[in-house]
Amino acid sequence: MTEDKVTGTLVFTVITAVLGSFQFGYDIGVINAPQQVIISHYRHVLGVPLDDRKAINNYVINSTDELPTISYSMNPKPTPWAEEETVAAAQLITMLWSLSVSSFAVGGMTASFFGGWLGDTLGRIKAMLVANILSLVGALLMGFSKLGPSHILIIAGRSISGLYCGLISGLVPMYIGEIAPTALRGALGTFHQLAIVTGILISQIIGLEFILGNYDLWHILLGLSGVRAILQSLLLFFCPESPRYLYIKLDEEVKAKQSLKRLRGYDDVTKDINEMRKEREEASSEQKVSIIQLFTNSSYRQPILVALMLHVAQQFSGINGIFYYSTSIFQTAGISKPVYATIGVGAVNMVFTAVSVFLVEKAGRRSLFLIGMSGMFVCAIFMSVGLVLLNKFSWMSYVSMIAIFLFVSFFEIGPGPIPWFMVAEFFSQGPRPAALAIAAFSNWTCNFIVALCFQYIADFCGPYVFFLFAGVLLAFTLFTFFKVPETKGKSFEEIAAEFQKKSGSAHRPKAAVEMKFLGATETV
């Protein structure tokens, strides 16, 4: 009998759970590759002439029947009226596309507060089943969007899918953390992020024009996530409920033991029960803290502000601008096959997510965050230089492409996973739920801002757009250097002392045993 025994039930349960994480990634990446074909359909539905030569040249329309009939004179003379209509039409399409992308984050932002509540109210398994209803509704709206007002149906569908992902982004890590053996909790916990980046990559591959990313099949590409929702719902009936939920929340010791026996593969689960008993006693001895108290209580103010800044830094780094709009960025950079370059980004993202699993356990959280932000800053400079000088030197397109690949790599080394680790490690059991909720909300809010505004910023700044992100990255790198303490291998008392040095405020101490539960008590 070993603590790190991997059973078939455990593997099956983790894979089933991260199917939700997979959709999270799928919904992030799926909107990228078919951008031009969906925009052309928006124009068709709204009766807006597709007279943008660049748009026509950069996307192959299957037939002239797909476009609204437009008559042109042999010698057209543009009038102020016509120019105003063209500008207004272009602005309308840009707005609708930005909403199509960003509405996903609106849903996530709204639901991020309720994942923990839903899990505690219904249980982890039932909560994921209920969340799948949202996933299926969103998939149906997008899958049938070609039959109606596509822009409205896609925006509504992505909003509802965002609600699902907002719930699942809290439910899946919580469930995996509660079913995993202590020795495997860190490794299995990374499957959530790995499934997300795998979903991004798969959506980019099947979004290729010759697969589903074409005028005939793009709506199937968007609605395909409904299949995953049905599959996961069926598989969840064979998964055990979280033993921690059964024991700590419901006081069902017999059912908790049954669940543990299935997951561990042996009958003597006394050690797990004793650990949960201690955790329940720790939780009951500490008063819950509200979101308002995080900001009004001097003990928590500095940690929550630093936690929020880490999440703001993650999103305002420009990474989701890459994920949402990489095809158009590569197109601007002069890459002849931008969609394939986008798939390359997804592959690099997945590889370095796997690498980060080992780095996070070996190196300090703060160190990795600093390395990641510094590397992204340098890459953003090279991206912008490549775009600015592209007209003079054609080979600069490769500079921009390599810089984007490295940008994503540095993100996954530090700024991608680290904020979630550190927020959990900043706070003990009492304030942690509120801290994680407000951190998730701020993350989704910044995600929405980037998704909505990136296209406008890119249009306004042109090739200089990543100079703007470089400035933001530099500012957050300096903030991290001066304000963020190291948490790896430290107890709450030691982390509190670090914050006290930086702000002069005291943070409530807590026993180091809980840091062991979080996987943060390794020696440096």
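Placed from the backbone N, Cα and C atoms, the Cβ positions cover glycine too.
Just one of Asn132, Asn274, Asn349 is listed by Swiss-Prot for the same D-glucose site as Gln193, Gln314, Gln315, Asn320, Glu412, Trp420, and that one is Asn349. Between the listed residues Asn62, Asn297, Swiss-Prot assigns N-linked glycosylation site to Asn62, with no corresponding entry for the rest in that record. Topology check against Swiss-Prot: Ala187 and Asn391 carry distinct topological domain names and occupy opposite sides of the membrane.
With helix defined as DSSP H, G or I and strand as E or B, the topological domain 'Cytoplasmic' (422-433) counts 7 helix, 0 strand, 5 coil. Among 99-119, 218-238, 339-359, 434-454, 462-482, 218-238 has the largest number of CB pairs under 8 A with the transmembrane segment (128-148).
Tertiary neighbourhood of the transmembrane segment (188-208): same-chain residues 14, 18-19, 21-30, 32-34, 172-173, 176-177, 180, 221, 224, 323, 339-340, 342-343, 345-347, 349-350, 353-354, 356-357, 360, 412, 416-417, 519, selected by CB-CB distance under 8 Å and a gap of 6+ residues from either end.
With a cut-off of 8 Å on Cβ pairs spaced 6 or more residues apart, the transmembrane segment (462-482) and the transmembrane segment (369-389) reach 3 or more such pairs and are scored as touching. There are 22 other CB atoms within 10 A of the CB of Trp420 (D-glucose binding site), with all protein chains counted.
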